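Noted in Swiss-Prot for the protein shown:
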{"type": "BINDING", "residues": "Cys176, Cys179, Cys267", "note": "[4Fe-4S] cluster binding site"}
{"type": "MOTIF", "residues": "101-106", "note": "motif 'PP-loop motif'"}
Amino acid sequence: MTAATLFTQQTTPQFDKASIDTDVNHHAKTTAIEAMLYDDSDDRNDDFMDEQADKILADTQSLTESAYFRKLQKKLRRQVSWAIRDFNMIEDGDVVMVCVSGGKDSYTLLDILLLLKRIAPIHFDIVAVNLDQKQPGYPEEVLPAYLNEQGIAHYILEKDTYSIVKSVVPEGKTYCSACSRLRRGSLYGFAKQIGATKIALGHHRDDMLATFFLNLFHGGALKSMPPKLLSDDKQNMLIRPLAYVEEKDIIEYARLKEFPIIPCNLCGSQTNLQRAIINDMLREWDDAHPQRLASIFKAMQNVAPSQLADRELFDFETLSLERDDNERLFEGDNIQAGQIESLAEIGLPVAPATQIFNPNFVDTEKGSHTPKKIPTINPVI
């Protein structure tokens, strides 16, 4: 049984009439120009892609949507499609399991992916999965109500990881690491059960930058969150389609969409988290130097192993000269006495006798410090 077949049999989502009409007419509306959503041309043909996307989405867009909202949505749509294309995140026939926590990031991810699914030149399925970790006070009815209202196929996976985290993490320590590992393990196993070929997480560009600095400052490593990751057992593929998206745009998008946000009462209530400190630092940088974060993120995509000091990443031990000894002018390692004339004969510059120059001297005639021109000295060969 293929992943797509398994997915179809296990989900029975409800759709409104507008969604059905849009899906029925999808292939009729798809043109060659729409394929530029995943085109790898340098200019990305954004205007053409947006024109076609606007035509497809026109029949379902609300007249009350402001131009400001549509502009922001278009920006996110572009950035997510670029990330999908650049890292080959989603392929034809994929079943994408979107992990929805109830936070702004995962809501935005799900919303944009559903939007792209309707205009993409390839076919892929989306299923939303929420992991109910049994945190005290967790409003377990919020997400199912929202997903049902939107007609989105979904699962609610119930696992009491909260009690485990509380029991194994010492008092005063952060829960994030243990919680993340337990959550990841649960989602990995469930993805295989439903035949999902990709697991989409809602981490954005600023999450990746914060993780980079956390590892740099506290872990002694140059590493972050990759946009695409194969699990250690090679059984699951993680993707982060929001890799190019800034958090401030997600905050604004979630506000305009009025997503029913569910706060994290497990780690969100802890104080003095190192990640929170790093996030504050990044926000201060962004306010004072608007291009700094973009430059740092660009650097993460432009690594020069030979310019660092990781012996596992670059083979420094076997570095050797590739010089032709026949090109040497003289025998021995250094120019010997009596060979200066030979240098002059072949036109190479010859250094004058050693000169001692001290710029901090006083002009005795004027009794004041007078700058003197530094004499030109030919380079020593």
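Here the Cβ of each residue, glycine as well, is placed from N, Cα and C on the backbone.
Averaged across the motif 'PP-loop motif' (101-106), pLDDT in this predicted model comes to 96. Assigned with DSSP, the residues of the motif 'PP-loop motif' (101-106) fall into helix, strand and coil as follows: 3 helix, 0 strand, 3 coil. Classification of Cys179 ([4Fe-4S] cluster binding site) by DSSP places it within a helix.
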